[in-house]
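Notes follow the structure.
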Amino acid sequence: MSGSLKQLKRIIGQNLSVKYNFLPSVRLLTSQTTNDGETHFGFEKVKEQEKEKKVFEVFENVAVDYDIMNDTMSLGIHRLWKDYFMCSLSPTNNTKLLDVAGGTGDITFRFLDFVKNQNLQNCHATVCDINPHMLEVGKLRSSRYNYNANMVSWKEGNAEKLDFEDNSFNVYTIAFGIRNVTHIDRVLSEAYRVLQPGGRFMCLEFSHLENSTLQWLYDQYSFQLIPVLGQLIAGKWQPYKYLVESIRQFPTQENFKLMIEEAGFRQVTYENLTMGMVAMHSGFKL
Amino acid sequence: MSFIIIPLNRRIGVRNSSCIWSTIRLFSSETTSSDEQGDDKNYEEDIRNKILEASLPNVPELGWSKEAIAKGAQAVGYPGVTHGMFSRGGGDLLHYFQTSSNSKLVQFLKKYKEDMKENPIPPADFAERAIQERLKMVGPYVGKWPQALAIMALPPNVPNSLATLLTMVDDICYYAGDRSVDHNWYLRRIGIAGVYKASELYMIQDKSEEFKNTWVFLNKRLLEAVQLQDLLLKSENGTQMAKDTVQSVFVTARNILGINWNK
């Protein structure tokens with residue numbers, strides 16, 4: 001115990017020496033990629049080609065403790081966000097869902113529950129995640145909770161170049177995933193491509209608080225506490241440091257809405273949950 | 001009504017000066033882009049209206065609900081989840097029904113007035129015929145009309161439902177030949193709105209063939225309203241006070257619906 005505490009102290013010391021004075025300037029940046037082929041990985045700058053690999057490592061590391069960490073960090077509220085997300089979607093008969101970055105199945109299982117409770121016909125979900133470790137966790141949970149295996153398919157794939165035909169789904173969801181991709185615009189245009197006319201794009205993602213005092217409080221919590229919790233509970237500091245930094249790098253609600261519109265979606269709206277801690281964006285291919 | 005009449009006027013204006021417009025368009029790229037934007041908005045609006053129109057036949061079975069919209073969307077070739085475009089669900093469907101019925105009524109009133117040109121009927125009879133016509137549109141949905149009334153009374157829907165009601169009575173009075181510029185203007189409109197709402201309530205429990213009892217009820221209430229108006233006219237001072245309040249209500253209603261105020 002004392003050994004691990006000592007280790008924790010060391011890590012905290014190392015990481016706190018990197019002050020985040022550059023926070024305000026960072027928040028002004030709206031585009032994800034800079035001119036010279038570099039992109040953000042948290043507050044670090046990395047080569048575009050490297051980001052994918054680095055993100056992969058992050059989620060490879062956190063896959064097993066993903067759930068327990070989500071619960072601790074958000075005090076369980078992430079479940080409410082996801083429930084509300086599914087309620088807003090309100091699937092109907094013949095819904096073909098593509099859940100991108102949905103490895104552990106949080107959204108897909110809610111979808112399957114909804115279908116079962118409403119007794120909907122002819123529905124199917126495809127989970128697509130770039131990371132096989134996350135998919136493994138999802139598959140394991142799927143069999144543990146006895147979900148109908150015929151209604152779900154699991155597929156490893158990159159959100160920037162989906163291996164699906166045009167117009168093959170009518171709902172595309174991406175929950176807490178889009179901030180980890182290298183090119184948001186490519187993901188959005190792929191989403192537009194695979195959706196059929198009338199299909200709905202829905203995204204749940206950490207965002208920016210409306211109130212600056214609360215944002216400050218939230219920043220303190222994120223930067224001071226979350227990596228510590230990560231170290232204590234999951235034994236990993238870096239992935240959780242990346243998590244909070246990547247949230248700050250993500251475009252604001254309005255900017256992200258513009259990006260969705262640029263991809264061709266119409267009737268684009270967003271809704272802030274918990275004062276903007278999380279934003280739910282929605283758009284239609286018409 | 002103005003939302004029918006004014007575009008008509010505009011169209012005529014454009015037609016008269018069409019050569020000027022085409023010349024301007026030749027030299028101005030800006031005009032084109034703003035036109036495109038307008039088309040864009042219409043494109044979305046047309047799809048929304050198409051879905052809602054196709055959803056109305058599902059109302060007697062599924063009520064004013066997301067489910068009815070989902071089924072309507074599927075009927076015109078969209079997936080059911082397109083219902084998410086209508087954030088207020090049944091409220092949006094109901095609002096569409098109310099506004100489209102109102103514009104149908106305006107068309108009917110125009111034609112009716114044209115037909116009655118030879119032998120004009122008294123305004124009260126005209127109003128009765130108009131209210132009857134409007135209530136008949138509710139007829140197919142009478143089974144789900146209590147639900148509709150409940151939806152209209154929900155706080156987020158109140159502005160829209162009040163505005164559609166006031167616009168409708170305004171149209172009826174206008175076509176009935178009301179050109180008054182004094183407080184009678186308000187009295188008539190409020191009177192008609194009251195009679196309409198009362199008859200609507202009567203209608204939802206009316207089991208008689210083709211709502212015969214409702215029409216009798218309507219006739220009696222209108223007679224009373226006329227008597228009441230006469231009474232108020234004789235005590236003119238009392239009504240002066242209400243004028244300002246009511247005026248603002250009507251202006252607000254028009255503004256909420258985004259309808260041009262000028263007749």
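Backbone N, Cα and C define each Cβ position, glycine as well.
Remember, predicted model here, so these are calculated numbers, not experimental data.
Binding of S-adenosyl-L-methionine is annotated in TrEMBL for A:ASP129, A:ASN158, A:ALA159; the matching candidate from A:THR95, A:THR104 at the same site is A:THR104. The secondary structure of A:ASP129 (S-adenosyl-L-methionine binding site), as reduced to three states from DSSP, is extended strand.
Residues A:THR104, A:ASP129, A:ASN158, A:ALA159 are the ones the record ties to S-adenosyl-L-methionine, and the longest Cα gap between any two of them is 16 Å.
The most crowded of the binding-site residues listed here (A:THR104, A:ASN158) is A:THR104, judged by how many other CB atoms sit within 10 Å of its own CB.
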